[in-house]
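Working notes, beginning with the structure itself.
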Amino acid sequence: MQMERGEGGIKISRPENVSNLLEHYRPLFVTLALVSIAAGITQFFQVIGEHGWVEIASRDFRLEYSTGILSHINNLSRPAFLFLFADFLLNRKKKILLFLLIIFILILVRQTKYHIIVLLLGGLFLGYMYGQVRITFKKLLIYGLIAYFVFNLSYVIGFSVLGLSHAYSGKVQAFLFNHFFTYMFGGPIAFSRILDSVAFPFYSWQEVVAVPVNISRAVQGDPYMVDIILNDWVDVSNITKYYHSANVFGYFGMLWIYIGSLGTIAYTTVLGALSYLTFFYSHRKNSGIVSQLVHVFIISFLVLSFFGFYFNMLTFWEVLFMILIFPPIYNTYLELKKKSLEKHRILLTDKLSSKG
């Protein structure tokens, strides 16, 4: 990475091999997209067949749609979406746009907002890294409207069970508009409500590193897992017309409650160092796709951390593992294929020479 001082201030170098990277890795990520789409569609209709369309807003639907082997396969769509989003920004291929739309729908029906918002943020960050996205006030306004549209749509899916007229009624839409801004600004207020409580912190580290703990317990056959779905909603407004509540277990709330102030500082320092490390590696002129995807993936979750703590969830680490492992495997496959073709060419040449 290089930093140059110009008339507009310090400019950070961008990767110079973007077109080559997109061309090289496109077959891999298109394949991942196709596999994930097949798994997602199969699981969706399996769950719908069991519960029916009227249960699409139920907790049972969301739970079954987000668990099981097909759900893990569907997670291949995460790295695929990030890559294909940037690919579409650069090349504008209709086939890529179709893949993005299908993945978007399959993730959105989970009705869990962070799943799709993280991917949209990651795609924009990768596009910005590639020089395809420019930040202006107008575009920030557009991105804000898109964020609200996604937020609104995730709730409308559930409300539409009672009819689209109900979902788009003035009363429901006014509630969602208020709820959106509560999501945006209520987190710090909720956190402030617990700072003076003598009940916290717990000083229990297992909830913070739940993924390795739960994997270890699963391997040992222990049925008791550390709960990572932690919510404690508190009132953050005196306005009684709408219920303004926010989750206490945002990034800082979660860490402070379970590992205290010093633990929060230590954890944040390590995560911050990792974020800067991926930033420097991803912005080198000859950086690889792995460092770029890892960086935008981590940063996207950090942006949403005002609302929840996502670094103790299996999805984060599973997708991160996919990003780290699939490009090297793909490169190894291409290298072996190249050697095999070269060997076949040599054998064919020798055979023809012997006949001559």
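Placement of Cβ uses the backbone N, Cα and C atoms for every residue, glycine included.
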Listed range which TrEMBL flags as transmembrane segment, given the options 76-95, 176-195: 176-195
Contact ranking winner - 140-164, 176-195, 319-336 against the transmembrane segment (255-281), Cβ under 8 Å: 176-195
Which of 97-128, 140-164, 293-313 contacts the transmembrane segment (176-195) most, counting Cβ pairs under 8 Å: 140-164
Intrachain neighbours beyond the transmembrane segment (293-313), with Cβ under 8 angstroms and 6 or more residues off its ends: 78-79, 82-83, 114, 117-119, 121-123, 125-126, 129, 183, 187-188, 207-211, 228, 230, 246-247, 249-251, 253-255, 271, 274-275, 278-279, 281-282, 319-320, 323-324
Same-chain residue ranges lying at least 6 outside the transmembrane segment (97-128) that approach it to Cβ under 8 Å: 30, 33-34, 36-37, 40-41, 44, 56-57, 62, 65-66, 74, 77-78, 80-86, 88-89, 134-135, 143, 146-147, 150-151, 153-155, 157-158, 292-293, 295-297, 299-301, 303-304, 307-308, 310, 315
